[in-house]
Amino acid sequence: MLLLVALAFSPSTTNAYDSDPLQDTCVADLTSKLSVNGYPCKTSPPSAADFVFKGLATPASTNNANGLGAVFGVVQAFPALNTLGLSIARLDFAKGGLVPPHTHPRASELFHVLEGTIYAGFITTDNKLYAATVNKGEVMAFPKGLIHFQVNAGNSTALAFASLSSQSPGFQLVASALLGSGIPDFVLSKTLFVGTNVVDKLKAPFVPKK
């Protein structure tokens, strides 16, 4: 009986997501030196303007190697998101533009195509690929923490918005993490089953030039 009572009051699962808010608003004080898991609320009363983010109204430049322009509406740019457990991003794709394989360690994602045609997919922890062509008006979901990618598969530019389930979802490029983080060459050589000379060539685009 005592065991059953103990189990009844024990948490059955361990949850890992942004905490629920304990007040209506908590606009982040980004200047505070207080260290918390998130940001403290600013002490002055918020205004309506605090809850409007204009950063997604302007297209981002796609003049880069990936042909991608991105604007992130995360808490650091949009303080009103503090404690709300969500964020947003605008993604502008040149023809052939790519969001390389990456993860958001703290968020699931809804990817909404507004213009163009995007080929997108994610990989599960058993290395199964789920990929599809996402057309204008369609949405694809990417589970939290899984590697995923998006590429413009159409004949024109494309536009998409991503909604994420964290005020600070994180963004980690797989190639940069593997080849640009300082992992020793012998580890990468054994991991990729190639010689260290090949490793050096693979690392070249990701290592800052001295």
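For all residues, glycine too, the Cβ spot is worked out from N, Cα and C.
Automatic prediction, not curation, is the source of TrEMBL annotations.
Taken from TrEMBL as is:
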type	residues	note
BINDING	His102, His104, Glu109, His148	Mn(2+) binding site
BINDING	His104, Glu109	oxalate binding site
DISULFID	Cys26-Cys41	disulfide bond
DOMAIN	54-200	domain 'Cupin type-1'
SIGNAL	1-16	signal peptide
* To do: Restricting to the domain 'Cupin type-1' (54-200), report the mean pLDDT as a whole number.
  => 97
* Are there any residues in the same chain, six or more apart in sequence, whose C-beta is under 8 angstroms from the C-beta of Cys26 (disulfide bond), and if so which? -> Cys41, Asn82, Thr83
* **Residues near Glu109 (Mn(2+) binding site) in space but at least six apart in sequence (CB under 8 A)** => Ala141, Phe142, His148, Ala162, Ser163, Leu164, Ser165, Pro169
* For the recorded Mn(2+) site formed by His102, His104, Glu109, His148, name the remaining residues of the chain with Cβ within 8 Å of the site's Cβ center, in chain order. => Thr103, Ala107, Phe122, Phe142, Leu146, Ile147, Ala162, Pro169, Phe171
* Structure fact -> Reduced to three DSSP states, the domain 'Cupin type-1' (54-200) has 22 helix, 59 strand, 66 coil
* Structure fact -> Residues near His102 (Mn(2+) binding site) by Cβ (under 8 Å) yet at least 6 apart in sequence within the same chain, in sequence order, are Ile147, His148, Phe149, Phe171, Gln172, Leu173, Val174
* To do: Have a look around His104 (Mn(2+) binding site) and count the other CB atoms within 10 A of its CB, chains all included.
  => 24
